[in-house]
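Listed in TrEMBL for this protein:
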- TYR296: active site, O-(5'-phospho-DNA)-tyrosine intermediate (ACT_SITE)
- 129-555: domain 'Topo IA-type catalytic' (DOMAIN)
- 163-168: region 'Interaction with DNA' (REGION)
- HIS31: site 'Interaction with DNA' (SITE)
- ARG139: site 'Interaction with DNA' (SITE)
- ARG140: site 'Interaction with DNA' (SITE)
- ASP143: site 'Interaction with DNA' (SITE)
- TYR148: site 'Interaction with DNA' (SITE)
- TRP155: site 'Interaction with DNA' (SITE)
- ARG298: site 'Interaction with DNA' (SITE)
- ARG487: site 'Interaction with DNA' (SITE)
Amino acid sequence: MKFVIVESPTKARTIGKFLGSGYVVESSYGHVRDLPKGGLGVDVDNNFDPHYVIPRTAQTRVTKLKHALSDAEEVILATDEDREGEAIAWHLLQVLKLNKEKSVVSRIVFHEITEHAINEALSHPRDIDMHLVDAQQARRVLDRLVGYKLSPFLWKKIAKGLSAGRVQSVALRLVVDREVEIRAFKKDEYWTIDCVFGKKDNTKNEELIASLYEIDGKTLDKLGIKNKDEADAITEQLQASSFKAESIEKKEVRKNPPTPFITSTLQQEASKRLKFSAKKTMMLAQNLYEHGFITYMRTDSLNLSQEFLKNAKSYIEQSFGKEYVLSSPRIFKKKSRLAQEAHEAIRPTHVERAKEAVGEDGDLQNLYDLIWRRSLASQFPEARFDSTTVIVHGAGDKNKNEARLRAHGAMLKFDGFLKVWPQKFEERDVPPVKEGEAMTLVRLDSEQHFTEPPPRFNEASLIKALEGFGIGRPSTYAPTLSTIQERNYVVKEEGRFYPTEIGEMVTRVLKEHFPNIVDFDFTAKMEEELDQIAEGKEEWQEVIGNFYKPFSENLNKKYEEVGSEKAATEETDEVCEKCGKKLLIKMSRFGKFLACSGYPECKFTKKIGAEIKKIGMACPECGKGEVIEKHVRKGRSRGKIFWGCSLYPECKYASWEHPKKGENPPTSA
């Protein structure tokens, strides 16, 4: 009997359908070993040797696997193909005490769970790749050292229960820095001027709309016209001018199709088009992968298999016609410095499979359809537009007071990839004019504008920013976004991230005392070094050592420099109701509160009056109370923000999502 071990029971059932009676497929239910929860678990004085333990939740499963292996003639480790999967395979090898002297042990990998892919993998077994394992170990140890060593400093400086993390702290900094930028933003006034022209012999009543871009030989930038006085002066000049079409440029413009999905772009597009969180997207994608509908969903490779390219070409020709078939497949290069192992992009396993085949769940269908369309679109021709640009020249008497205006339009000529991947674009036709033809000014519109601050991050733009800085990897984006919300460092309102007071304070303290931890370039360099370990170019203990020595020295120095006075402590004029001493404003992980300066002799505390945050909306369940912001006070979600009715416990309405006016969100909190 051959014994196959995978991570999840769903994956086990799917693979089991493809294998004969000579195979048994079992699940490890995820990791079987990890660093202990109750301690550092890393011997920093012994080459950073990790002390792994079997979590209580995995002990029964490990015992069952050991018992089931007693009759196995061969053990096949078929965990996921990335670093995490490689590490799980290695840990299974250790805890099950598998070795090649006692039994046949092999490792297989595959991009998709199909019969062909599984049989192909079984035909090409290999050994466990210790370079990949070491890269995962290095990340785990590095994250443990940062979190376990740095979090107590935050407890001392700000409040107990806070945490710092190598990637989460950088993500938080992005949100905080953006908020600081928005607060400091000063809007600037500017004006734009558009002219509507008709031709001298305008029998069809056609109009040409052109925007002013040059006045008296000076090209105008966005803020070129700064106020109404300037706009009025230019308007007066234009009204006294005569106009003609100076030049006409016609050309075909091509718009390229998007690349197939990698993890980050899938999360971004699902956020934009389906309003899914990164966490939800990955949960649904995991389901689709484990049931054999899509390829592996944690990837940063843009590669598509030759088999898929061949099948996609055939499907496109049969379903859409020869005009949509490329002469040769479109090949995409790997995603810059972030690309890891030789994975594939995220694509459907069978291009002809419709979304209804994945089941009745609407969210699963929609995500599958998004992946199907994106993959297919990548092998469609470009969309083609007929583009026309007309430059209109204006001049006053004796050709003085010159002005130039630009009219631009584009009409879709061939939809190409837009057939399956629709995008919003504005078609604007430009009426036919001849070079040198006189134009009649029909109307002149001047409009006031103000510059706007940069937008707050949403999930899609925050993931894009992290990816752009080279921070994090496919497996880390969704957990990072979840962590900064669960820690009450940020809140999400109407899809946008706002830092909390405690989140801003954590960022401020880390920037002051541990600038490297929240430095974008430093964090990206660490990611590159982890990649070097995975490629066998660096030793993982050496990389950790190079980081830990200066980090530890700075940490010890900061503990000596920083006194016991917390950064968040502020004195007030209010006195304690119990002992009469002054009250202090202190910070907890839930926000500010009042505490007696006589602590620990006097333990009096009270909430600050502005605790209740109303959102200006009646309770959608009872209609009598108001929806207010609350915090979970117990359990694993302690500190997490939710929204509930002000009349609780009479009304038990609650929602994790920020309620939108006019909607009745699910009562899930």
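Any Cβ shown, glycine's included, is placed from N, Cα and C.
Fair warning: this is a prediction, and the values are worked out from it, not measured in the lab.
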Residue from HIS31, TRP155, ARG298, ARG487 whose C-alpha is spatially nearest that of ARG140 (site 'Interaction with DNA'), among the recorded sites: HIS31
Positions whose Cβ lies under 8 angstroms from the region 'Interaction with DNA' (163-168), at least six residues beyond its ends: 142-143, 146-147, 150-151, 153-154, 466, 471-472, 476, 480, 483-484, 487, 489, 506, 510, 514, 517, 523, 526
By Cα-Cα distance, the member of recorded sites HIS31, ARG139, TYR148, TRP155 nearest TYR296 (active site, O-(5'-phospho-DNA)-tyrosine intermediate): HIS31
Cα-to-Cα gap, ARG139 (site 'Interaction with DNA') vs ARG298 (site 'Interaction with DNA'), nearest whole Å: 16
Averaged pLDDT score, the domain 'Topo IA-type catalytic' (129-555): 93
For ARG298 (site 'Interaction with DNA'), the one of HIS31, TYR148, TRP155, ARG487 that lies nearest, given that the recorded sites are compared by Cα: HIS31
Three-state secondary structure, which DSSP defines for ARG298 (site 'Interaction with DNA'): coil
Cβ packing number for TYR296 (active site, O-(5'-phospho-DNA)-tyrosine intermediate), 10 Å threshold: 24
Rounded distance in angstrom between the Cα atoms of TYR148 (site 'Interaction with DNA') and TRP155 (site 'Interaction with DNA'): 12
Chain-internal residues near ASP143 (site 'Interaction with DNA'), provided their CB is under 8 angstroms and they sit 6+ positions away: GLY165, ARG166, VAL167
Least surrounded among the recorded sites, given as ARG140, ARG487, when other CB atoms within 10 Å are counted: ARG140
